[in-house]
Amino acid sequence: MKFSNITIKNFRNFEKVNINLDNKNVIFGMNDIGKTNFLYALRFLLDKEIRKFGFNKSDYHKHDTSKKIEIILTLDLSNYEKDEDTKKLISVVKGARTSANADVFYIALESKYDDKELYGNIILKWGSELDNLIDIPGRGNINALDNVFKVIYINPLVDLDKLFAQNKKYIFEESQGNESDEGILNNIKSLTDQVNQQIGEMTIIKGFQQEITSEYRSLKKEEVSIELKSEMAIKGFFSDIIPYIKKDGDSNYYPTSGDGRRKMLSYSIYNYLAKKKYEDKIVIYLIEEPEISLHRSMQIALSKQLFEQSTYKYFFLSTHSPELLYEMDNTRLIRVHSTEKVVCSSHMYNVEEAYGSVKKKLNKALSSALFAERVLLIEGPSEKILFEKVLDEVEPEYELNGGFLLEVGGTYFNHYVCTLNDLGITHIIKTDNDLKSKKGKKGVYELLGLNRCLNLLGRENLDEITIDIPEDIKGKKKKERLNERKKEIFKQYKNEVGEFLGERIYLSEIDLENDLYSAIGESMKRIFENEDPVHYLQKSKLFNMVELVNNLSTKDCFDVFEHEKFACLKELVGSDRG
């Protein structure tokens, strides 16, 4: 079984959205944009504990009760032969699934507001043909849907004590009838009786019992006596059991008092229940902002659990935490955002096999960018150090205003651009006009920088070129020859360069260092105490860039920002300067 799509109409802040889904989904966006409402749309559809309350007027988009609330979930059942969950669902839906369209199945909710009852009653339907759905059979608040699905909603402020108390009976009823425990239970009962007997013999207890009995009889003429007993003897010893944490190698017990520790223990209990109590159902986790109260390291640990453990086969996670996305793979990213009305953009995120060894590195960089409005993609750490310095001086609140610098680690542009584009996040690219010599082909070069930009536009690579440089020309002189050729190539393909600018792709005429020299050449000479600062900078790019950045004046930073070769920075901050 695979979640395929959801359509939400006239529900809370959603006028109409149509969103592609998968079995693992991450929902993100600004505060108060609709992430919780998205989860509640699923809860109304699949969770009887929420559904039984029906809809209030405020649940209708802009309180427009003249239109129905509609929520339609599309499932892909094409893996029937291999998937046990698909078989579970099919065994319950029976005749609602027709052979004509057996691989697709719809679960739909609609609610028309009753002005007299001041209430929106819920009608559930399902079937394989969207235009011919049938009512889901049920009785009262329970229907056939509830026999196959179990929604586990985890509140950001999950209450451990309440969760444990609610499920204590189920957890410990499992041990009843276990012969190996019968002797132990009898011993506990005997010991409990002894405890109560000893309690009753205490002078302070006897005195209190006598006085309170006397007070009671003075109020009500009744032949009774008041005695104090341990709750364990009356309710059973399970009633007094609460979880403690015991560190390995330590004989002491520690209360689960920290919020982070309590939350992780709550997740452990939910997982236990999913495996034991709901093993015959399809369990769907709806997890809301779990990062609250969790230290960064615990968020990373939870990320590993969510994306790698089979327990979390189906989940919808809302979050503001990049750390929770470090381990993501085969995950549907859903961005809830707003222009004039709330819209949802989605992207199926996969780490290609070729990138498997650097998955965490790729995810770590991308996960922070997902929460931005505009992202400037740059090649490496030197660019990042420089641009951070310039922006800190010129536009220090660029991140607060939605900007983000994303270091792609060389040439992984495509991996990020596709994701950002699908999610409606503005992306800007700054890259060098690189040439790459072909192995085994003397004097033959690939137009690497131009091809990189063309590939981002879905275009084919340009043909290789030949650059004839005599063998006696090496080192700095050879580089100068190559740079002259880069300038010629830049002019030759000026039309393509113009197209790139229209797509927010900024290709350097040569490279970052030469762009920088065009903007603040004299300052570079002064700081490096060198008449060829570009060559000096490139000898040890990162190390020397740090030296440069540490000595840039505020004027230098403004000169870089205002220079045409760094127009990408204005694009990032949305500046209309100049």
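For all residues, glycine too, the Cβ spot is worked out from N, Cα and C.
Annotation comment: Swiss-Prot describes 1-341 as region 'ATPase domain'.
Per Swiss-Prot, ATP binding site is recorded for Asp32, Ile33, Gly34, Lys35, Thr36, and the stated evidence type is a curator's inference. Take the CB of Ile33 (ATP binding site) and look out to 10 A: across all protein chains shown you find 18 other CB atoms.
There are 9 other CB atoms within 10 A of the CB of Lys94 (site 'Interaction with GajB'), with all protein chains counted. If you look up Swiss-Prot, you'll see Lys94 (among others) marked as site 'Interaction with GajB', on the strength of experimental evidence.
According to Swiss-Prot, the site 'Interaction with GajB' annotation covers Arg97 (among others). Reduced to three states, the DSSP call for Arg97 (site 'Interaction with GajB') is coil. Note: Arg97 (site 'Interaction with GajB') has non-local neighbours Leu77, Ile90, Phe105, Gly127, Ser128, i.e. same-chain residues 6+ apart with C-beta under 8 A of its own C-beta.
For the region 'Toprim domain' (370-510), the model's average pLDDT works out to 94. Sequence annotations record features per position, and here Swiss-Prot assigns region 'Toprim domain' to 370-510.
The Cβ of Glu379 (divalent metal cation 1 binding site) has 22 neighbouring Cβ atoms from other residues within 10 Å, across all protein chains displayed. Here Swiss-Prot flags Glu379, Asp463, Glu464 as divalent metal cation 1 binding site.
With a 10 A radius on its CB, Glu383 (divalent metal cation 2 binding site) counts 22 other CB atoms from all the protein chains. The divalent metal cation 2 binding site feature in Swiss-Prot is assigned to Glu383, Glu513.
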Given the binding-site residues Asp32, Glu464, Glu513, and counting only Cβ atoms in the protein chains shown, which has the most within 10 Å of its Cβ? Glu513
Could you give me the DSSP helix, strand and coil counts for the region 'Toprim domain' (370-510)? 60 helix, 26 strand, 55 coil
Rounded inter-Cα distance in Å - Gly34 (ATP binding site), Asp463 (divalent metal cation 1 binding site): 49
Let me check the 10 A CB neighbour count of Gly34 (ATP binding site). How many other CB atoms are there? 25
Additional residues around ATP, ordered along the sequence, whose Cβ is within 8 Å of the centroid of Asp32, Ile33, Gly34, Lys35, Thr36: Asn13, Gly29, Met30, Asn31, Asn37, Phe38, Ser318, Val336
Within 10 angstroms of the C-beta of Lys35 (ATP binding site), what count of other C-beta atoms is obtained when all protein chains are considered? 23
